[in-house]
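As given in TrEMBL:
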type: DISULFID; residues: C56-C61; note: disulfide bond
type: BINDING; residues: R152, T154, W165, S217, H220, R252; note: FAD binding site
type: DISULFID; residues: C359-C362; note: disulfide bond
type: ACT_SITE; residues: C359; note: active site, nucleophile
type: ACT_SITE; residues: C362; note: active site
Amino acid sequence: LTGVLDDCLCDIESIDDFNTFKIFPKIQKLQERDYFRYYKVNLKRPCPFWADDGHCSIKDCHVEPCPESKIPVGIKAGSSNKYSKATNNSKELEDCEQANKLGAVNSTLSNQSKEAFIDWARYDDSQDHFCELDDERSPDAQYVDLLLNPERYTGYKGPSAWRVWNSIYEENCFKPRSVYRPLNPLAPSRVFNLGSVCLFSWTGLCLEKRVFYKLISGLHASINLHLCANYLLEETWGKPRWGPNVKEFTRRFDPIETKGEGPRRLKNLYFLYLIELRALSKVAPYFERSVVDLYTGNGREDAESKALLLDIFRDTKSFHMHFDEKSMFAGDKKGAKSLKEEFKLHFKNISRIMDCVGCDKCRLWGKLQTQGLGTALKILFSEKEIQSLPENSPSKGFQLTRQEIVALVNAFGR
């Protein structure tokens, strides 16, 4: 791939050089640190859109949850919005003071009203989210070691996988009027092939809808690339051999095999990279504050993790060809607000669809990458709140949970 990307003043060669020599080696190191390698996820949530067709029985679909004893004490004990040792230690005192403050009020409230207030607070917290987050307090939520459960080809394919992506593109994505899509393997007497293609047209799609489609296409390309790069090549005497599958890569991305669509998919991956890079540069002030420690309980490791993260932020700011999100939702206020809500609703639906993926390992990485992108969008549309954060006290207007931070870094690492 060469040349300039659509909808931004950036060329592919500059991104390649910047990523290869500056960003990738550091983000790889960061992903290996305890704070970022353990991700809490609920892989048992039911599919909200159609009857579950059963989980994948292939052994490579399995995700091995992490025993509680292996989780660093600071991650296991810390509240999702608490980062530093000081805030973790003061949590009990805060809870006590809060209880005293609310005591007089609560005595006049019925249990039904209290439940309503809790629901309202939960609703308010969710309003700035582009994703539906897993409830970390659920008994079904488990810690997973991402390094021991890498994203790779598991054998999960066919009608179940097709239905997930078809639902994303056809029902929850602002799609160009005509764009290549694989034929429906669920339809009778049709062969599932990747050869049919329509002419590609952006006619009638505004910038915001083009951006949304490119992000989803880029996410799809990212997942497909990792499946091709870490493919089960052979299994002899119970010893699997994983590696790049060039034939599979060609089938999904070659210009001739895909009738011109493959390179466009890869360009959308670069576009996704730019969006998440922009988010990292924008969220830097949030992490530069002394109250944020990336707390695991290991003081030395926590300090090194934060130093490495801030170093990555400095690099992201040095890249001069960012995507300019200010051009989005910039029309008349009423129309812009309506479009932004539609944008958010579509993306939340896509995050819910990830609970319909039948393979646990695919579901894990689908949820993580979707949540990482959702966190990036949340950051890009919260610039004013981030700039006005207090230096020495917890955030009020803008917050990130540990779950969101881990997803953001690992999605960008992908």
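Just so it is clear, glycine is given a Cβ too, placed from its N, Cα and C backbone atoms.
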Residues that sit under 8 angstroms from R152 (FAD binding site) by C-beta distance, when 6+ apart in the chain:
D60, H226, L227, A229, N230, Y231, L232, W242, K361
A correct count of other C-beta atoms within 10 Å of the C-beta of T154 (FAD binding site) gives 19
C359 (disulfide bond) and S217 (FAD binding site), distance between Cα atoms, whole Å
20
Among the FAD-binding set R152, T154, W165, S217, H220, R252, as the record gives it, the longest Cα-Cα distance in Å
21
One of the disulfide-bonded residues C61, C359, C362 has its Cα closest to the Cα of H220 (FAD binding site), namely C362
Relative to the Cα of C61 (disulfide bond), which of the binding-site residues T154, W165, R252 have a Cα no more than 10 Å away?
T154
Rounded Cα separation (Å) that holds between C359 (disulfide bond) and R252 (FAD binding site)
20
Using C362 (disulfide bond) as the reference point, find which of the binding-site residues T154, W165, R252 has the shortest Cα-to-Cα distance to it.
T154
Going by a 10 angstroms cut-off between Cβ atoms, which of the disulfide-bonded residues C61, C359, C362 has the sparsest surroundings?
C61
Within its own chain, what residues at least 6 apart in sequence put their Cβ under 8 Å from the Cβ of W165 (FAD binding site), listed in sequence order?
H220
